[in-house]
Amino acid sequence: MSRFPFLNRSNTMHMTPSESSQKPYSLERSGSLRKFHNSVDSVKSAGSSLRGRMVKKLCNLFETTKDSSKSSKLSPSEESRPSRTKSNLSHSKGSDSSCALFRLREAKDRIVVYFTSLRGIRRTFEDCNAVLMILKGFRVWVDERDVSMDIAYRQELQSVMMMGEKKVSLPQVFIRGKYIGGADAIKHLFECGELGKLLEGFPKKKPGFVCESCGDARFVPCWDCSGSRKVFDEDEGLIKRCLECNENGLIRCPNCCS
């Protein structure tokens, strides 16, 4: 026996492992299992509600599509009518009213193409190049009118198309004074083989022909002002605006554009 009662082993309490460890562990384990089952139940309920919402949405979607399909059905008389789309109008051979209205009276013996050489709008630049390459493939002489080099061509095209100050898409092609259309119309006629028939009768150029004066640029510097747009009037002793050239100091090449 020890002198100190608190060190006496008989007074200490002894607990078996089953009483000391299993009871708290079993309580903690049962609580965690309850929480897990509750979370699983909540997830199942949320999934079922979400699934129900999705099914309702799909049902509503199919019902609306059925209603729209029913309403979009045409009567037999309406289905038999021929539809005239923009592509059909642009791909006509020149018998449409639009082609009859747009005419170049001074270009009855030539092919005129209004285009631009500026690369500001990539799609327009590519369409202009495509049309010029298609026409040059037939080795015919083309009157190329670059609206970016001479503002008079742009005004001329606007007056012919009766657009006033509104914008006109490029390129625009006229054959024998008749309006043919833009890039889509020329590509369609070329693929169908109709463009060659429209170009019959035009004189052919030699393969690889290039104008020696302008290099196929269709413009040369003005001979009077050398491109400065200014001339000296000896009678009045003043510098005046040159009336022979355009706003860029250029004139049409006399060799290939006469």
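Cβ from N, Cα, C; glycine included.
Taken from TrEMBL, the feature region 'Disordered' covers 1-32 (among others).
The feature compositional bias 'Polar residues' is assigned by TrEMBL to 8-24.
The compositional bias 'Basic and acidic residues' feature in TrEMBL is assigned to 67-82.
The region 'Disordered' annotation in TrEMBL covers 67-96 (among others).
If you look up TrEMBL, you'll see 112-180 marked as domain 'Glutaredoxin'. The DSSP breakdown of the domain 'Glutaredoxin' (112-180) into helical (H, G, I), extended (E, B) and coil residues amounts to 26 helix, 17 strand, 26 coil.
Mean predicted confidence for the domain 'Glutaredoxin' (112-180): the pLDDT average there is 91.
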